[in-house]
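First comes the structure, then the notes that go with it.
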Amino acid sequence: MDSTKISLVLFLCILGFCRGDGNPRDGGSVSSIVTQGFFNNIINQAGNGCTGKRFYTRNSFIDAANTLPNFANSVTRREIATMFAHVTHETGHFCYIEELRRRSRGNCDQNVEQRPCTPPGKSYFSRGQSLSLDLLRQPELVGNNPTVAFRKGLTFWMNSVRPVLNQGFGATIKAINGMECKGGNSGAVNARIGYYRDYCRQLGVDPGTNLSC
């Protein structure tokens, strides 16, 4: 590589475009990576009767990401492919808003619950955990505000998933749902990997190695 090319690569790295797998194309702002077209390609696969299709928006994701500078200022295309592969699987292409297996209403035992019980008349949305909002008093905010819902997901991502990104996609599956690994649910694992490969292709990055857990 001649000196001109070396200088160009160094310049791109200084600007932050050499994060991730070292491919200069792997960098960029959240809004430049998660384009409206990329988002639409996912959510348009949800059925018209899905509540999430009228709830989640690309702008609400961008707004949520921009409230977390540690994420927004260092995200890569490969990380977005990883994240949206899991989001696609977990929400059915943004079809679902609530977790399907939410704890039962009216059966909260303060002595055994890991969190305080929700106030009477409130439904608990686990996506509201760990936010800088009093979601135990207003848990419906997660189900009514897509930006809050995305921010909750990003908070979990930063705390529990991003630390294992450099170990490969398989490590992120284990971080999100380790029960699927080692034969627990090979269909789910393969579905996540399929989405991940597809999004890496769309975003122009190499999926890397260690894809399965």
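Note that Cβ sites are derived from N, Cα and C of the backbone, with glycine treated the same way.
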(Q) According to TrEMBL, the disulfide involving Cys181 connects it to which residue among Cys117, Cys213? (A) Cys213
Q. With reference to TrEMBL, which of the candidate residues Cys13, Cys18, Cys95 participates in the disulphide bond with Cys50?
A. Cys95
Q: Please name which of the recorded positions listed here, Cys50, Glu90, Cys95, is nearest in space to Cys213 (disulfide bond), Cα against Cα.
A: Glu90
Q: May I ask for the distance between Glu90 (active site, proton donor) and Cys50 (disulfide bond), taken between their Cα atoms and rounded to an integer number of Å?
A: 14
Q.
Below 8 Å Cβ to Cβ and six or more residues apart, same chain only. Which residues does that give for Cys95 (disulfide bond)?
A. Ala46, Gly47, Cys50, Thr51, Gly52, Lys53
**Q.** Cβ neighbours within the same chain of Cys181 (disulfide bond) - under 8 Å, at least six residues apart
**A.** Gly170, Ile173, Lys174, Val189, Cys213
(Q) Between Cys50, Cys213, which of the disulfide-bonded residues has its C-beta surrounded by the fewest other C-beta atoms within 10 Å? (A) Cys50
